[in-house]
Each structure stands twice: as C-alpha cells, then as structure tokens.
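Notes to accompany the following structure.
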Amino acid sequence: MPRAGSMKKISDLGVWLVELFWSFWAYIWLYIILEVWTPNVITLWEALLTVLQYGLLLVHAYAQDKRWPYVSIPLVRGERPEDWVPAEDTSVDHDKNCGESSEILPRENEDIVDIFSMHSYNNTGYHHVPEKDIEESSKTTLVVKNTQEDTCWLSIWRQQFVDALMLESPEQRKMDSICLRFIIIFWNSIIAPWKLLFAFVPPYQIAHGWIAFICSLIFISGIAYGVTKITDQISCVTGVNLYVIAFTALAAGTSWPDLVASKIAAERQVTADSAIANITCSNSVNIYVGIGVPWLIDTVYNYFVYQEPLYIDNAAGLSFSLLVFFATSFGCITVLVLRRIVLGAELGGPRLWAWVTSTYFMVLWVVFVVLSSLRVSGVI
C-alpha cells in the first residue's frame, strides 16, 4: 500500500471493469471445463477456446479504451494524467552517449539542412538547396547514423556483461557502512550467475526491442521449466505435496515481479490504474496464455499421437482452489470498491485504513493457501 495520505484511485473505471470481468470469467471458465463440460479432461476445442479468449480480452479492452459504441461500457472517463517519467538529465553529454548525432537539432548561427522538406534555414529564412547536395548529404548522414547505432548497441551489450560481473558499484564503494557493503557484495555474488545468464539477451536497441523480447521469453520459459523440475525433486525428497509447494513457494516467487511492479506504479504514478490493473491482467494472462498454451500443445500432441484428450491429475483439487481463489478475489475487489465509496480512493488514505486493508489482503492470501493445501493433502 502507498504511504498514508497518498490517495490513489482508478481514473478509467471502464477499462478496469473489462479486465476485471475477463479475470473473473477466467476462473469460471476453468471450473466449467474441469468439472462441468468434460470432467477431468481437456479436449482440443477447450484448449483452443481458452487461448482465443485472450485475444477477445485484448480486443474488448482496446474497444473500451477507444469508446467503441455498442461494445464498450458507457462510463464517464476520468482525467488521465501522463505517466510518471524520470526527469531528464540535461548534464549528459550526448556526443559521448553512444555517439548520438545532434545534427537534426538547430543551432544558433548555423545553416541547418532539412532533408524532409528539401530546404534549409538560417537567420534570414529558407532558401532552396540543390537536390544533388541533399542526396549526398542524406547518404552520408544515414551511413554515419547506422555506424553509430551499431557501435551503440555493441557497447551496451558489452556493458551488460561488465555489470553482471561487478559485485560493487563505484557509488557503493563510497559508503561508510562496512556491514552494508558486505551484504551488498554477498547478495550480488548470489545473483551474479543469473545476471550473467541474462546478459546474453541482446539489448533492446536492436530491431526495436523485438529480439530482446523474444530472447527474454525463451530464457524465462527455460527457467520456469527448470524450476518445475526442481519443485518435483523437492516434493519427492521432503514428502511435501507437490501442489502445496506450488501454492506457497512457487506461487510467491512468480508473483514477486508483479508485486514490485504494482508497488512502483502505486508510488510513482498519479492514479492507481497500473497498480491495480496489473493484478487483473496478470491473472488473465496466467490462465488464458500460461495455462491455455500448454494445454493446447499437449492436446494437439495427444490428438495426433494417441488419439485421446488430455487428462488432468487432481482436477478436483484444482477446481476447489479455483472456487476459493474466486471467493477471495471477490472479497478483495469488494474492499477496493468500498474504499472508493468511503475514502474516495482504492489505495492509500489514512494510516489506520491502509494497515487494515493490507492486513485484510494478507489474511485472504493465507486463507487461500491453507484451504487449498488442506484440500490437495486430503485433509478436507
């Protein structure tokens, strides 16, 4: 929760309600295909419909944002302030920053060629520039720009490996606390192998970030696969039910990035849109894509190889967890709505109510974990 007094409310309720509807529908949909439609079995059509619903969510959210008639929810849109943007450092020397060219910026007492309008201007106004000179200038500028861009992303990629192996930054070396410096070095030593691994991901300056995006997905998928295998080994050695480990350690670890992102959004943005919508969107993506895509791959494989659908182990326990999660989520959303009515904002507010709300949300999470763990363990 934000600090006391920092009142944050959702500005665009329409988009949030669309995301909330699809998030709740995802729980209901999973329960239907696990217990009602084809119990304990996932067919090819069920898996395909699960994935396609993610596309419908994107279209519906875009329609709500653009106020399409007959599709969007007719709610009055609140004020939508610009997102938080770090202050620009004007002291940076752009000539030393990846060789960025400042030729397109006008300078005093200099003639500037505008290659788009085929004119140049100076203090006396515009005058015509020969086409031959413009063509030669354009080619030279393009070659210089491409060379500078290649040098830029290569230096950034090299710096990624340097940063991954660096256990202490120059600023941290100036710290007076020896104990704090030791903790930082110890922590960086633990995460250094992971930082070095992800340093192989190309920088986002290449191909507008698409290569970095695809490589990041591949790396994350590989780590997720490794984590699931380690979870199986831990369950086998300790005797703890595999689903209990998934409800606790594995779920908490995978939710940590969402928690950090929501915290940063709540602190740095004027509204609570990104902080709250991030949760509903994350649930929708986890179900429609995170579960739907593996189901689709497995069902297609079983259909062509074994000519049979996909069977789900412990589908009853999963269905029970869905019902508990739906109930706790409804309780969470109810509190957010009441806070908007009583306090005027979903996040922040008086310190007492901030702590009460945070404690209530933690209790909901504990209830979900305990009930789900007892169910899969056969206690209830």
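Placement of Cβ uses the backbone N, Cα and C atoms for every residue, glycine included.
According to TrEMBL, the feature transmembrane segment maps to 12-32, 44-63, 178-201, 207-227, 234-253, 287-306, 318-341, 353-374. Feature annotation from TrEMBL assigns domain 'Sodium/calcium exchanger membrane region' to 209-372.
The transmembrane segment (318-341) and the transmembrane segment (12-32) are in contact, since at least 3 Cβ pairs between them lie under 8 Å (pairs 6 or more apart in sequence).
Same-chain neighbours of the transmembrane segment (353-374): 1-4, 241, 243-244, 247-248, 317, 320-321, 324-325, 328, 331-332, 335, 339, 343, 380, counting only residues six or more beyond its ends whose CB sits under 8 Å from a CB of the stretch.
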